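**Q** I have a structure I would like to understand better, so I am pasting it below and will then ask my questions one at a time.
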Amino acid sequence: NLFQFKNMIQCAGTRSWTDYVSYGCYCGKGGSGTPVDQLDRCCKVHDDCYGDAEKIPKCKPYYKTYSYDCSEGKLTCKADNDECAAFICNCDRVAAICFAGAPYNDNNFMIDSKTRCNDI
């Protein structure tokens, strides 16, 4: 769920999860257009992953809880997750690791999505 995703982000990286809420075209609610950079691509992949999770019957990625471990920045999804939980956990784990490895451009925080995120 989103609370667990926030914790994964903070486990894997050094930035606060709030730095990603309104970043680029895909970090935060919704998304459109072309990702502005590597970090924004991480968010688009995460959005697409949640979209795939929703194809699993009764799987609600924004609310479903899952089991995972965070130890010294290493994220592991536990084996006791059901199919939906395992899928969402992996979406969040991959995204948190992607966020941690991507450069952060302050100029892409809170951009004007109407002008910068529409494909022409």
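Note that Cβ sites are derived from N, Cα and C of the backbone, with glycine treated the same way.
For reference, Swiss-Prot lists these features for the protein:
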- H46: active site (ACT_SITE)
- D92: active site (ACT_SITE)
- Y26, G28, G30, D47: Ca(2+) binding site (BINDING)
- C11-C70: disulfide bond (DISULFID)
- C25-C117: disulfide bond (DISULFID)
- C27-C43: disulfide bond (DISULFID)
- C42-C98: disulfide bond (DISULFID)
- C49-C91: disulfide bond (DISULFID)
- C59-C84: disulfide bond (DISULFID)
- C77-C89: disulfide bond (DISULFID)
**Q** How many whole Å apart are the CA atoms of C25 (disulfide bond) and D92 (active site)?
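**A** Roughly 18 Å, rounded to the nearest whole number.
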**Q** Far apart in sequence but close in space: which same-chain residues, 6 or more away, have a Cβ under 8 Å from C91 (disulfide bond)?
**A** H46, C49, Y50, A53, P61
**Q** Can you check which residues sit near C11 (disulfide bond), meaning Cβ under 8 Å from its Cβ, same chain, 6 or more apart in sequence, and list them in order?
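**A** Once residues fewer than 6 apart are set aside, C11 (disulfide bond) is near C70, G73, L75, A96.
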**Q** Cα of C43 (disulfide bond) to Cα of D92 (active site): how many Å, rounded?
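**A** A Cα-Cα distance of 10 Å.
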**Q** So, three-state DSSP: helix, strand or coil for G30 (Ca(2+) binding site)?
**A** coil
**Q** CA-CA, which of the disulfide-bonded residues C59, C89, C98, C117 lies nearest G30 (Ca(2+) binding site)?
**A** C117
